[in-house]
Amino acid sequence: MASTEEDFPRGGKTKQTTESKAEPVRRHTEVDNLFETHTSEESKKRKGQKGDALKKAKRQRTSKEEALKLNTTTSIDILQLKSLKVGTLLLGCVKEVADLEVTINLPSGLLGYLNISNISDSYTKILSDHLDSASSEEIFSLASLFSPGMLVRCVVARLDTAKGGSVSIQLSINPKEVNKGLSTGSLKAGLILSGCVESIEDHGYLVDLGIKGTKAFLPKQAVYYSSKRENLKVGQYVTSLLEEVKNDERVVRLSISPTAVAQAVADTAHGWTLTSLLPGLLVKVTLHGLILEFLSSFTGLVDFMHLEPEQASTFNEGDNVKACVLYVEPSTRLVGLSLRSHLLQPGGDVDLVATERIGEVAHGCKMTALHHLSGAMLELPDQTVVFVHRNHMKEPMEAFNLNRVMAKPEHTCRIMDFSPMEQVHLVSLRQSIVDAPFFRRYHDIQPGQIVQGTVTSLQNHGMMVKVTDYIRGLVPRTHLSDIILKNPEKQYAVGMIIKCRVLSVDPRAKKLTLTRKRALIDSSLPPFLTYEDARRGHVSHGFIVCVKDFGCIVCFYGKVKGLVPPNELSTEPVIVPENVFYVGQVVKAKVLNCDVKKEKLLLSFKAVAGGDTEGPPKPKFDFEVGKVRKCKFLTGLEVSILPEETTALLPMMHLSDHVSNCLLLWEGLQEGDIISNIVCLSKKKQTITLTKKPTLKSFLEEGGVVAKEFSDISVGVQLIGWVNNIMPYGVFVEFPYGLVGLAPKAAMSDKFVGDTAAHFQLGHTVVAKVTNLDEEKHRFLVSLKVSEVPSPERDGQARLIRGLQERKAVMEMMASRGDSDLLKQLSAVTIGQRMKMSVDEVREDGSVTFKSDELSAATVLATKDHAPGKLATGQECMPVILHVDLVTSEVYVSLLAKLTGKRKVEAGSTHTATVHHADRDFAVISLGDTAQLTVIQTTNHLNETFRFDAEKLTAGKTLTITVTKSSCEELEGLPLVSWELAPPISKRLISNSKRSKGMYRYGDVVKGKVKTVKPTCVLVTLEDGSTGCVHVSEIQEVVCVGTFPTSLLKIGSEVTARVIGGREGNNNLSLSGHRNLKEDADVKPVKTKEKLKRYQVGDDVICFVSKVNGVIPQMSLILYGSVFTLIGSLKSLICIIQGAKHPEKLFKLGQAVSAKVVTVSSSKPSRLSLSLNGVHKLEKGHVIMGLVQKLDPNLGLLVKLPFSAMGTVAMEDLADKYKPKPLERYSKDQLVRSVAHFKPGSKSNWQLSLRSSRTNPEKASVVKDPEIVSLDDLSEGQIVRGYVRTVNAQGVFVSLSRSIKGRAQFQKATKYFLASHQDYAKKVPQSTLLTTKILSIDKESGLVDLSLLQEDTGKPDVLPESLGLHLRLTGEAKEKRDATKKRKRTESESKQNRGRTDHCITWIGTAENVSKKKTKKGKGEDSDSGVEVYFREEEEENKCEPAEVEKPVPVQPARLQVTGGFSWDAALSALKPASAALGGEDSSDGEDGEVNTKAQKKSHHVQEIEKREAEKALTKLETELMDPGLRPQTAASFERLLLGSPDSSLLWLQFMAFHLQATQIEQARAVAERALKTISFREEQEKLNVWVALLNLENLYGTEESLQKVFERAVQYCEPMPVYQQLADIYAKCQKTKEAEGLYKTMVKRFRQEKAVWLSYGTFLLQQGQSDAASALLQRAIKSLPNKDNVDLIAKFAQLEFRYGDVERGKAMLDRILTSYPKRTDLWSVFIDLMVKHGSQKEVRAVFDRVIHLSVAVKRIKFFFKRYLEYEKKSGTPESIQAVKDKALEYVESKGTEAAR
């Protein structure tokens, strides 16, 4: 019933649907009682009165205000996003076309997205094929298939929800989805349907309508006469008219004529149902208000946006008008209609209004209509009517307030988009959108603007920035900073908000280029946006884009760029501009000349730098060092000194004494800020340097000792300066007035200085003491040691107060500017303050994050140590503020209970404090148990920068502090304290006379006790408790080889040593224990490179074993304080001593050994390569050790040798006595002993030998197989042994030595006859050891002929008798056979000359045999391809002649062979016409006859005899003509026979052969063409035979072009697949492998559903030896073919593997199939046959044992038992036969037992 009601929706069903659709109208009426008062009777109308309210509303049009109220009761809801469901059919309009997606406008302003995979199945298939096989077939882009404004029918495929909650509508225009409701029976002429072009045919297009069983054809003529399209493409969307339905709805004809499509209207006769109704249909409707009736029984709705504004008032109840179906919701039966005129032309396009107005803000807009739950219509000041959706009448997170909207008389809106379906602009009343500087349009952004965006990604070419939700920009890599950043990810992170400046914008391409160069962003100079702005004399900032010899090209904003010639680059001459300028550099340029029309700009750097600008003279600045001034911050490092406005430099490092504060102060400064308390430092040329360092400022103001010149400096003077440069040997310190001194590495600190960069930073303020003066060069040395420059009292506390005040000032300054709420929140927080927070997240590492209303924008964090106990998310707590990090915007807090309940502290009291947080300059501590927090400096002295790990202030460290002030105002009420490190728990007793720990210097002599003795070092405990290490090489001056120096020292013994180095990691000192230690000895450190220079290749050294790893001993040696690793690896180890395979037995740790230097490597890691046998390079005759790297059956062994060399060992050089399997004894990484023969070239490998006679010549050994160096070592008749290298058609090639090979022809290789050399190769594989006899030696060509026969070598034949092969004929038998062959050949030729021989014509090569009626082929014969007509002798003669192969020849395709010795292979020049050959004797006889006639006249009797003989000949000729089995000998005879049998391809082929016999190629082609025209079209196989013959003809005698043309014609007129197959076989047999493979690739794409094609391709690949390619082809075939064919396909491929490929692989494939399908007895039979042929007896019996235990029918098991028994009778023994019988009996008994049960 349901289906009946659905297909015939009449009666009550329709009324219910109409009523249900009218319910939303009544419901809206109830909701909108805000505007009118309705009685209860109005809400209880009967069904027949549903239109009264609508009619009444139309009559009550009095004014706009009344209409505004009335529309709330008469409107139908527009299509909402929430009402869309999967399967909803919609009419859409193409908006934009991208590479992989099409954006489609839907009704009511909705947007949908059409993916490239949702167009049609045919287009998707083309794409997938193109991706899978890299096909060259043309793929049309989406831009060629769709155009903006095109109307399409689509269906909602799915609704995707993004992370932000927005819903994306994914559409599909696949005809299967759109026309899902249509079936074959519902097709009627006159329907308007949509589809996609499926394929392009000769006379038209096949269009996919998505209806199964129906093919739609669109003629090309109809497309040509259409006004819009000329050529359609596969996948193109078309809206067409169904003109004709044929063949029971299986074939339909379409038309896309615009006029015909536009005039077609859906009718009831078409049989439309609610399930088959489609959007875009034109229907005739009857008006009932906003509810329309159409197709006599259907009801649809039309909303206010789809009524024509000017015609809406003219509509009356009951009018009949045209409407367009807008959308169809199948589940709710909801149909939306449109009365707009631009949609009443389906298949056409919709006009898209230009987007210039999108983004425009309009003021003074009036609301003309308000519609319930939909939105409102507004009228702009220019009287344009626009629509605002209900959601855009409020802010996103606000509730909708209708009264507030209605209360405003005028509105300000922003145009967001244009809806082509409704032809109306869409606007928004949201204040956030109206106030946005940019919206969707790139047109709104102008070059030179400052924009703010969010970093979205960092890529190699730059950084992507999101300006708005619709606008993205790119910051190129060169514009990420003022300098080129190597690691941009360190400065930028995803999500960071940054300020950029627009360089250029391309609205069409939607490309926006930005810059982050601060010099460009902060530039106050007027930018050059156009060439008109670049007027002469103007100066602006730009950036260099190109540096060449002819100058620099400078780019400004937009497309403005100019050239700076070389003479304008600088005031000084610039020879190479690349050395001075770089790409991306920001420069100031002055315009010299500008041509606006030609867009040419000439610039100058010199005019700017040289001050070539006009302006009033500036007042002269009176420079004085130490004078306090004010200045105004400009850009970068530039400031302007007030009031003179003199430009000066204020480096960032001079903003504070604390390095960490310098960056904060610099970030907080903005252009125009006034900086006070600035002191002048120095003046160099025209550059004035300023400082704001408080220590320097107070030093200059207090009148300290200041050296203005070098003469003012004296030794011992203390000066205040700053670190200017850091070098590996020390740091340079600069002082006021430009004086610079050097602090050497030894004078930098009281501690050991390893890395100078780890102690100081550039700009660090230091106190220096002058130690040395160089009067001549005006240079001086200073010391920065804390012990030599004491700090003034209270200096540390003063610096602490100044540093905290600087941080507070920066925070207040940045917060006062209102840059962000974050800074305001951070500035209000103080250390020690308690705040109410809630736990946000407990991390895995134990740390906790919090949320707080007062710090909503910052990250509040408590480390693991400050979050005790278990905390739950959302738990309320009151943590204490520890630290505020302005750089990372993080606030560190603590929940420790001991920090709550503050108690007052008194001045002078001492406490044990705990560090809770520490950074570079400051630390936060708590004062004992008082819960008081305060801040201290991490250092007490300016120069105290480096500390050991135990001395560093880290969280948890305890200090001893003394309270100086209980409450300090400068510290915001925190206590001011002084501190020192708490003493360690355990103290070492150290002699006061000795220096403190860690204070040893290079060269000091120390004493200590031996703590630990190791093989390679000795640990010594010094008097102060520190530990030193004495290397094994530093114990004795003279070391004897083989001794262990560390064994001389005992634990506890006292030793005296000298300091020669130190290690910072474990604080160990490197000591030397040499006996001759002198106190005054001058010991200086030596650099690593200098140490290495002392060693030369070939030097002898004493070293010590430090590690033995397998076969690689590793030596170590300490060289003047630096330990080097000396690798004794295989590349440098040359051991000829016994036991080299086990070096751990020869070398012990710490043992002294003597070695020779092989190589010296100065690159890191520095090391020497050593040799332990005194050899440092390879030479011929050396006995060397090597590692086997590879085993190659052709080359032998590949060996890795010392000194990075490689060598090869031929199989003949492996031993003095050859073994059958020579490589079995060797494995990879095996250590072998060999002798170096020679090296062929500089880049070649060494030739090695493993023969015992070579490696141990002193030992006499028996050499069974002597080494053969040259042909002189061989003689004829000599018996030698060798290994088989290759077996091919020329014979068996045997390797006699490394360079000499011999050949044994097959006549001399075996006494048996073999049809193919491949059979011999299978029985005699590569590397087989054979005994041969030398037959002959050709020294000129280097050829050696061998014999393997038993009578020559005395060894059995290499082929066993069990193979059952035929013996090769020899001696008299062969001579007799040759004589018989010669006699028969003579007789055959004489018979051919007389033309009386009967010929047997055989057709080979097609799927169906040509001579089907005459000859029957056995099932086992393989079908060959091509036309092959050949002649045979009588079968009896062929049978009695055994075949003999003199020399195997390459396989050639069988060709047409005809009388007269004609062959397809013969050259045309060697061919002679058959008539000439036959007429030679006749002509000579004729001449003799004439002579005889003239000489003697014939008698009457003789004439009578000749007459009777002529009559007999004529009678015989007539008899022959009547015999159909005889072949014609003339063209006329062929013509006569063809008249009787015109459809016989056999006759036509014989006719072609007749012409080819006479070398008449063109006549043969003409015969083939006649045959193709004459043979009836019904005889497809006969025609195919002729086509194949013609293909063979062109392949042999034509060109590639002619063959291709014939092939294309054959494909057009025949079934394509057989033609492809035949040509592929022709290529394969002619050894045209490349062409055959290309053709097969085309076949598997075009005929991928044909199993035979895959099998044919697989056979070809396996025949070519491409086994891996065949396996890959099988996987492709499994994916392409139906699942039911997979088993048979794999089985066929397995059989092919047995026949052509790898037997083991075929066996594994069949085994896997039978494991999965054990009941396939047919496959078991095949498996058994193959195993009997290719497997061993053991394997065959295993297969039989498996198959007889299958759970299949008894009769099938009986069949296998019979086969098993037959096999054993043939190949087994009586015992095995009896075993099979016993198994059969056991099987019968088991079956009987089962039956009894």
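Using the three backbone atoms N, Cα and C, a Cβ is placed for every residue, glycine included.
Whatever TrEMBL says is automated annotation, not expert-curated.
So that you can see what the record holds, here are the features copied from TrEMBL:
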COMPBIAS  16-31  compositional bias 'Basic and acidic residues'
COMPBIAS  38-55  compositional bias 'Basic and acidic residues'
COMPBIAS  1386-1399  compositional bias 'Basic and acidic residues'
DOMAIN    87-174  domain 'S1 motif'
DOMAIN    190-257  domain 'S1 motif'
DOMAIN    275-340  domain 'S1 motif'
DOMAIN    448-517  domain 'S1 motif'
DOMAIN    537-606  domain 'S1 motif'
DOMAIN    716-785  domain 'S1 motif'
DOMAIN    1003-1074  domain 'S1 motif'
DOMAIN    1181-1251  domain 'S1 motif'
DOMAIN    1277-1349  domain 'S1 motif'
REGION    1-66  region 'Disordered'
REGION    1370-1452  region 'Disordered'
REGION    1476-1507  region 'Disordered'
REPEAT    1651-1684  repeat 'TPR'
Looking only at the domain 'S1 motif' (1277-1349), how are its residues distributed among DSSP helix, strand and coil?
11 helix, 35 strand, 27 coil
Is the number of Cβ-Cβ pairs under 8 Å between the domain 'S1 motif' (275-340) and the domain 'S1 motif' (537-606) three or more, considering only pairs separated by 6 or more positions?
no
Beyond the flanks of the repeat 'TPR' (1651-1684) by at least 6 residues, Cβ under 8 Å:
1617, 1620-1621, 1624, 1628, 1633, 1636-1637, 1640, 1643-1644, 1690, 1692-1693, 1696-1697, 1699-1702, 1705
DSSP-assigned states of the domain 'S1 motif' (190-257) in counts, ordered helix, strand, coil:
5 helix, 34 strand, 29 coil
The domain 'S1 motif' (87-174), counted residue by residue under DSSP: helix, strand, coil:
23 helix, 37 strand, 28 coil
Winner by Cβ pairs under 8 Å against the domain 'S1 motif' (716-785), considering only 87-174, 448-517, 1003-1074:
1003-1074
Model confidence over the repeat 'TPR' (1651-1684), averaged pLDDT:
84
